[in-house]
């Protein structure tokens with residue numbers, strides 16, 4: 001990491017300035033290809049979709065305005081979603097919120113005014129925004145190199161920041177520097193700052209430059225909390241209560257919408273287990289749920305029975321008891337689909353910490369006092385630990401997974417659930433990273 005000295009603060013062509021201004025495509029330049037796509041390419045696609053190939057270049061008069069309005073909605077979502085700052089999950093939620101707001105408002109206005117419209121075009125227009133805008137945002141998030149400035153002496157945190165931002169981290173030495181040279185400022189506790197540095201931080205915030213506590217920022221960057229330092233003060237108790245009902249409604253809605261697919265996949269899984277292993281088809285086990293209450297979890301059986309010389313043990317990576325059919329079911333998470341019944345019953349949620357076997361849960365609480373906080377929310381079919389970590393074969397690996405689970409609870413939100421759901425979908429499609 002380099003340092004900025006006092007004599008550099010008035011340099012007009014400092015690399016810090018050049019780097020900060022050259023990392024992202026200016027909005028006016030981004031608007032050119034976006035306009036071409038929205039107002040030349042999309043109209044052809046919408047025309048073919050709604051009216052057939054014969055109308056690709058000549059729309060029926062009453063529908064032309066409708067098509068252009070949808071194209072304008074796409075353009076608005078794309079442009080307002082460009083260059084968002086902050087955590088990936090929050091940016092994903094912001095993009096989807098923009099798509100819902102813009103296209104929802106358009107659809108409401110069209111229906112209210114009884115304008116000529118095509119349902120196919122409106123639905124496709126929303127899907128284009130809801131899929132392409134997040135894809136661009138993820139690309140920009142992973143390729144952007146923001147200029148990060150750190151206040152305070154070099155520590156292990158500085159080395160970790162350099163790894164995250166590939167060396168684009170500067171240690172600030174002069175509180176009189178132009179704050180606009182920074183994309184992000186990280187600081188220790190405000191109580192540790194001198195008056196001059198406190199003034200620098202306030203100027204940065206007033207200028208619109210994000211200012212974050214370095215420890216909290218690293219926690220968010222790694223997506224994991226230290227369970228040794230986790231306590232009740234870190235829990236968003238109000239957020240847990242306010243989001244609980246919405247999360248429950250979203251669970252039920254998602255199950256209903258995906259039922260035609262999940263029922264077919266579950267039936268195929270049942271047949272595969274019957275043919276390859278016979279009965280029983282289901283694996284039923286007592287797991288610890290919300291508030292520490294036990295419940296019965298349902299899964300398609302993926303492992304053979306125990307041999308006389310084998311003892312019961314937890315599942316591990318590469319477990320020899322998993323059959324060939326079972327491995328295939330696990331790869332695409334088909335074995336977990338019966339747990340949708342647990343979700344409908346209220347035992348589980350689609351997203352949350354994975355429920356542990358009751359006996360294991362009791363054992364883990366003896367080793368990790370913070371483990372019990374996992375039971376503040378409903379356990380899930382998929383979760384933050386599942387998309388970030390593998391099987392926990394020992395206490396040390398379990399400690400890591402608990403850290404991921406506590407991070408999820410601490411940051412519980414629709415935005416984080418969206419990111420977990422997208423990561424899970426990628427796993428389902430590719431078959432990689434199954435847990």
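Just so it is clear, glycine is given a Cβ too, placed from its N, Cα and C backbone atoms.
Taking TrEMBL as the reference, the stretch among 47-65, 66-84 described by the feature transmembrane segment is residues 66-84. Checking the ranges 7-25, 121-139 against TrEMBL, the transmembrane segment annotation falls on 121-139. In TrEMBL, the transmembrane segment annotation falls on 252-277 of the listed ranges 252-277, 278-303, 304-329. Sequence-distant neighbours of the transmembrane segment (121-139) (same chain, 6+ residues past either end, Cβ-Cβ under 8 Å): 42, 45-46, 49-50, 66-67, 70-71, 73-74, 77-78, 81-82, 84, 88, 91-92, 95-96, 98-100, 102-103, 106-107, 110, 422. Mean pLDDT for the domain 'Bacterial sugar transferase' (247-429) in the predicted structure: 88.
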